[in-house]
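Quick look at what TrEMBL lists:
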type	residues	note
COMPBIAS	231-252	compositional bias 'Basic and acidic residues'
REGION	219-252	region 'Disordered'
REGION	362-393	region 'Disordered'
REPEAT	106-132	repeat 'WD'
REPEAT	141-182	repeat 'WD'
REPEAT	269-310	repeat 'WD'
REPEAT	321-354	repeat 'WD'
REPEAT	405-438	repeat 'WD'
REPEAT	471-507	repeat 'WD'
């Protein structure tokens, strides 16, 4: 079976584990060989800070410079200094209405690229824009019909994208939000007790819906990008995938996930549960990827090619990616824009090749980085800004799944890609965090399979890949993770009421 299988801390030799007072990390013996065929850890992990909260930690997010970490829990968001571990502020909207039990869980947090603002999304369907220095609300985005599960800024800071259980993503023009810092701002003061400012009509969002009219013309892209979906029988399932049971939120345990047996649910029935759980924005700000409860990942193009019309064309849904067998809870682009990763309640993490979109890499990243290309398949050549994306046209280039990471024993709730493109990290309801080497070479894959076979375990296929390391550092589900955009730090948020910062270093 895939690593870690039934391995425990007591059954692993000292050179393949690391222990703390209340945590441990295990390293995959099949991927811990140096050039001399000696066992050697390829990664080092350590605990840096522990932040105790007063409720479940629903979300964690680093600032763009990596100096601060924001967390969201019941009624409040917190910001911590990542170096000292000191809490710099607590943000609470005292005027906000709460549920029957006084609850208002903050489901998503995100720093603006400039670091002056923190956006929070909550169960009350409101996005609040906080002035971090003054610890007060400076603006509100209102429009979603259900709670907000995802917030992401574009890297240039011009857009804020939100995802909600109401089956929509909304693209808010952040230029207007940034203008709140200017005394000449056109925002109007609301009459609420919080003293917040409502953004004016100029900031009305573009609404991305899962029922875009273009979807009627589009062929769904399956796991391999070229076969029929769904699979004909269970034998077509990839290793590590779940049963596909429908999922719903357990309101008695906020941010926890429970399974509801509905094996006979049709695609049409699943579409009624297609709330958006996660959002990722491509490095150039042109594309938005959204994971949803119906197991489909959707890609929108926000900037359409110029046409005879002088007006900007509306966003278009360009692809619907099917492959996961259960709800997709997290998505993330690599910095070079050639791949994105997804995590699902089917216990799997998948890597998708989107090189045909010609996404412009993030500043500081290398578009010719060798790490991803060695491990996840052959890239299609980038085409810069001269690109044409057709809606499901026969024979057209399209995204495809090139790798699946296996090993989690329960729902995978969060995933992120390291700043250097080397590591994919995932957090799960099995309480574990796994590191996956996105740059594993094909020769290493082969040796891994041979080693696996010789040790009387099931060999991992070339499409299925094992983790390099598993970290057990929480006593409940790892609900949210984030990797620092600039350094080797990992943040985890858990149902055990703790957030933690970890260091990691490639050996």
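Yeah, the Cβs are placed from backbone N, Cα and C, and that goes for glycine too.
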Quickly jot the same-chain residues contacting the repeat 'WD' (141-182) by Cβ under 8 Å, restricted to those at least six beyond its ends, or write none. 107-114, 116-117, 119-127, 129, 131, 197-200, 202-211, 274-281, 283-285, 288, 290, 292, 300, 302, 315, 362-363
Intrachain residues whose Cβ lies under 8 Å of the repeat 'WD' (471-507), provided they are six or more past its termini: 20, 22-26, 40-62, 64-66, 69, 71, 73, 80, 82, 85, 253, 255-257, 413-419, 422-423, 425-429, 431-435
Intrachain residues whose Cβ lies under 8 Å of the repeat 'WD' (106-132), provided they are six or more past its termini: 58-65, 67-68, 70-77, 79, 89, 91, 93, 96-97, 99, 138-142, 144-153, 155-157, 160, 162, 164, 166, 172, 174, 177-178, 180-181, 196, 255
For the repeat 'WD' (141-182), DSSP counts of helix, strand and coil? 8 helix, 20 strand, 14 coil
Over the repeat 'WD' (405-438), what is the model's mean pLDDT? 96
